[in-house]
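Visitor: Feature table excerpt (TrEMBL):
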BINDING   Lys10, Phe11, Gly12, Gly13, Thr223, Asp224, Tyr229, Arg234, Lys259, Val260  ATP binding site
BINDING   Thr47, Glu121  substrate binding site
DOMAIN    315-396  domain 'ACT'
Amino acid sequence: MSQTNLIVAKFGGTSVADFDAMNRSADVVLTNRDVRLVVLSASAGVTNLLVTLAEGLEQQPRAYLLDEIRRIQYGIIDRLQQPDVIRDEIDRMLENITMLSEAAALATSTALTDELVSHGELMSSLLFVEILRERQVAAEWFDVRKVMRTSDRFGRAEPEIAILAELTTTQLKPRLQDAIIITQGFIGSEGKGRTTTLGRGGSDYTAALLGEALHAKQIDIWTDVPGIYTTDPRVVASAHRIDEITFEEAAEMATFGAKVLHPATLLPAVRSDIPVFVGSSKDPSAGGTLVCNKTQNPPLFRALALRRKQTLLTLHSLNMLHARGFLAEVFNILARHNISVDLITTSEVSVALTLDTTGSTSTGDSLLTQALLTELSSLCRVEVEENLALVALIGNKLSQACGVGKEVFGVLEPFNLRLICYGASSYNLCFLVPGNDAEQVVRALHHNLFE
Ligand code: ADP
Ligand code: ASP
Ligand code: MG
């Protein structure tokens with residue numbers, strides 16, 4: 001099917017944090033007539049509060065968190081010209097949250113958690129519709145769960161692309177003619193209609209999935225930084241914006257920890273060749289980054305990404321004589337526990353690996369369960385090292401170039417490199433360092449390779 005003129009615009013938590021932020025985002029929506037679908041995150045802080053409520057708290061802390069959520073949402077309602085229109089609906093949502101958090105205090109479950117945390121996006125999108133309507137803009141609220149069909153893996157649900165495409169075409173597409181549609185990121189529903197979530201930061205992914213289903217010409221991700229930088233500008237103040245970057249490079253960055261994009265965001269974009277723009281809703285005139293298929297002269301070194309809180313497992317075979325098949329058994333066990341391996345190095349009778357935490361669950365549960373450890377321990381001796389950080393150097397044709405090792409590791413002389421992965425992908429060189437050294441390592445490398 002041919003491409004449309006449609007742009008899907010997604011606004012993250014800080015872009016809908018309060019009344020002023022929502023109005024700045026509304027300005028951004030209205031400056032481009034092609035923006036017909038708007039995907040929103042919960043107001044900043046709300047998802048964290050809801051996740052904590054889902055853990056099942058005592059009455060007192062529960063009341064405190066509920067007040068906090070009410071305060072954030074009422075901060076917006078109270079500044080509307082006609083707050084009455086929406087107050088009841090938000091009150092109903094707040095009552096639901098109260099009820100669900102009481103249920104969580106009796107017994108928690110992943111399904112209950114998803115139902116509870118979905119209210120953040122439900123509320124922010126309702127409020128944003130009112131912000132637009134007060135400007136006389138035809139805007140309609142749309143419950144994304146009608147089209148965002150997912151698996152029932154609560155907390156980290158996988159979209160069912162074919163059903164999602166069909167539902168989007170029949171239920172959502174016709175509505176785009178008459179009004180700007182405002183919907184929720186992050187949430188979906190499984191076959192029986194129960195609410196699911198796509199994992200923390202999942203609203204970017206929602207925008208890309210809907211963009212793909214609607215054959216959009218572009219997906220705009222509006223956040224609190226004017227683009228994708230050479231590394232997290234919060235870690236390195238001298239990081240600079242990358243004006244154009246390829247899908248592959250940006251996907252590597254997102255996978256290895258650049259929070260600016262959810263790791264899965266670029267999958268639909270690459271599949272359907274839809275450019276993704278990243279910019280700041282606080283400062284739209286500052287421009288941003290275009291993620292697309294091809295760029296001029298892709299550089300050898302593109303960016304640095306950092307992923308904290310990595311766990312390294314070192315597995316030593318118990319039986320050196322029968323080491324054959326050892327890796328196969330290790331992978332089998334990990335697969336049964338639904339875990340994919342991230343970094344890996346091997347020797348004949350041992351293997352060191354990190355667990356893939358990309359797209360972590362909405363609840364932030366650890367992948368390293370007691371059941372997994374017990375099963376691995378029956379096969380091998382298991383060593384667990386916590387508090388490591390993964391640093392990824394992203395680039396192009398890295399494995400074909402000469403001198404990369406010297407240039408990178410020369411700078412890192414004062415640091416302990418716990419594990420190095422290089423050569424499987426020509427786009428990255430990754431290594432683990434002690435968590436406490438991570439920022440220093442990134443700064444030293446950035447200084448040497450990018451400044
Ligand atoms: P949103 O709520 O809009 O989705 P996020 O907090 O998820 O925003 O992502 C934006 C943040 O990503 C920035 O504030 C920045 O600190 C962080 N970040 C990490 N790596 C990068 C990078 N390479 N370029 C830009 N921002 C990055
Ligand atoms: N509100 C969700 C979160 O905080 C999803 C998102 O913002 O992308 O993780
Ligand atoms: Mg985000």
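Cβ atoms are placed via backbone N, Cα and C, with glycine included.
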Visitor: Tell me which binding-site residues (Lys10, Thr47, Glu121, Tyr229) have a Cβ under 6 A from ligand 3; sequence order is fine.
Guide: none
Visitor: Look up Thr47 (substrate binding site) in the DSSP assignment and report helix, strand or coil.
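Guide: Helix, per DSSP.
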Visitor: Would you measure the largest Cα separation among Lys10, Phe11, Gly12, Gly13, Thr223, Asp224, Tyr229, Arg234, Lys259, Val260 for the ATP site and round it to whole Å?
Guide: 22
Visitor: Is any of Lys10, Thr47, Thr223, Tyr229, Lys259 (binding-site residues) within Cβ reach of ligand 2, i.e. under 6 A, and which?
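Guide: With ligand 2 as the reference and 6 Å as the Cβ limit, the list reads Thr47.
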Visitor: CB neighbours of Thr47 (substrate binding site) within 10 A?
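Guide: So the number of other Cβ atoms within 10 Å of Thr47 (substrate binding site) is 24.
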Visitor: Distance between Thr47 (substrate binding site) and Lys259 (ATP binding site) at the Cα atoms, whole Å?
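Guide: Lys259 (ATP binding site) has its Cα 16 Å from the Cα of Thr47 (substrate binding site).
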Visitor: Going through the binding-site residues Lys10, Gly12, Glu121, Thr223, Lys259 in sequence order, which have a CB under 6 Å from an atom of ligand 1?
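Guide: Checked binding-site residues vs ligand 1; flagged Gly12, Thr223, Lys259.
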Visitor: What are the non-local neighbours of Glu121 (substrate binding site), defined as same-chain residues 6+ apart in sequence with CB under 8 A from its CB?
Guide: Leu40, Ser41, Ala42, Gln184, Gly185, Phe186, Ile187, Ser203
Visitor: Sorted by position, what residues of the same chain at least six away from Tyr229 (ATP binding site) have a C-beta under 8 A from it?
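Guide: Expected: Ala239, His240, Arg241, Ile242, Val260, Ala303.
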Visitor: Averaged over the domain 'ACT' (315-396), what pLDDT does the prediction give?
Guide: 85
Visitor: Could you break down the residues of the domain 'ACT' (315-396) into DSSP helix, strand and coil, giving a count for each?
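Guide: Computed counts for the domain 'ACT' (315-396) are 22 helix, 31 strand, 29 coil.
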